[in-house]
Amino acid sequence: MNDYKQHLETIQKATEDALQATGFNGLWIYSGHSENYFLDDHAPPYQVNPHFNWWVPDTDVSHSLLHIVPGQKPTLYLSQPADFWHKIEDRSGADWARNFAVKVVHHQSEMPVINDQLNHAWIGDRSWQPMAAEYTNSDKLLAHLHFSRVQKTPYEIHCIEQANRLALKGHQAAAEVFYSGASEYDINAAYLQACQQSQNQMPYGNIVALNEHAAVLHYQYQTTKKPDHHRTFLIDAGAAYNGYAADITRTYAYDKHSEFNDMIAAMDTLQVDLCDACIAGQDYVDLHVQAHLKIAGVLHQFNIINCDPETAVETGLSNTFFPHGLGHYLGLQVHDVAGHQSDAAGTAIKQPDNHPFLRLTDVLREHAVVTIEPGLYFIPMLLQSQRNNKHINWDKVEKFLPYGGIRIEDNVVVGKTRSRNLTRS
């Protein structure tokens, strides 16, 4: 728990600095709650407010409040409702709770009366807050806090590493089941079983894509029917640890002696090179462009395009095969905050016009955690717009269309002189 205690000291100072910079005297953070579906008494799974989770390493704490006042121990109003319909765990005695002044709340009427007279800000669900708009989810305050969340503490890096360890168990199990000829549904079941987490505990919906489905970037189904022929398996799936996410992607060819398998190997090599380049001071936009050049090199190597990589990138042809960004920040949120933010004031860094889907445009800073996920896809919708492009060898495209695509993704800690790959270490 030493890393966690040091983590709290770090974010206490960051929060106090943010409050001082934005003119607030204190901060309320609401853990959030789940609202029922329209005209129903059933709600979607609860998801904790990440700002609350930054302090409290528990993701099942709905209807709770955290009060932060500079120079004081944070006060946690921990909701433990008297409820015979559900199992309510007593979290007040957890090791982490010792770092807070804990006040157990059995009924919502026992929550403190909050108003804006003390000039304390509020971060959380607007539907629950009782304060004036200028105190609620202040853009200036959030910008400061989001900028602080980019550089991870040792505790946070440990949590992301543990999430990777869990996810890798799932990835290994999923690959084994794929080679046995399983369906997407069965592969996903094997993944969850190996991770020992339910789908609701996953940080995002697992992408389990066979064959042509690998060309759908965020493929959302897991079909129960086995394909007639297994060619490709792309899995983009993570796990969670204390609310921190792993986000890992792997691609496999059923025929390990196929040309497509060789293409996967080439993509794996360039992906590792890009991970190694995640050094403090590296402009992520430049790294994204480097990825395009490397992927265009693979396209040329396998005779999919007949122009040099520079021409493919300059003309935008590489975007047809690699249409998304190289990656994003990773932490309490899969697409973690401040990816387009250059400073604590919230100054925005716009995406380049020719790369509008890039989620990270900042210069990398030490201790940030990023994903590196280059891809190479055969997406009919995008290829159709290039039908008259003389630089594409359409016979090769037709050959690879049934394979869908390739994506390989690791989670990387930015270092001062060298990066640390949490997925491959």
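Quick reminder: no glycine exception, Cβ is built from N, Cα and C everywhere.
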For the Mn(2+) 1 site that TrEMBL gives with D247, H328, E373, which of E176, E184, E212, E409 also belongs there? E409
Out of D236, D255, which one does TrEMBL list together with D247, E409 for Mn(2+) 2? D236
What other residues of this chain sit with their CB within 8 A of the center of the CB atoms of D236, D247, E409, the recorded Mn(2+) 2 site? I207, A237, G238, I248, T249, T371, E373, R407
E373 (Mn(2+) 1 binding site) versus D247 (Mn(2+) 2 binding site) - Cα distance in angstrom: 10
For H328 (Mn(2+) 1 binding site), the number of neighbouring Cβ atoms whose distance to its own Cβ is within 10 Å equals 20
Taking helix as H, G and I and strand as E and B in DSSP, count the residues of the domain 'Xaa-Pro dipeptidase N-terminal' (3-147) in helix, strand and coil. 46 helix, 24 strand, 75 coil
Residues other than D247, H328, E373, E409 within 8 Å, Cβ to Cβ centroid, of the Mn(2+) 1 site? D236, I248, T249, G327, L330, T371, I372, D410, N411
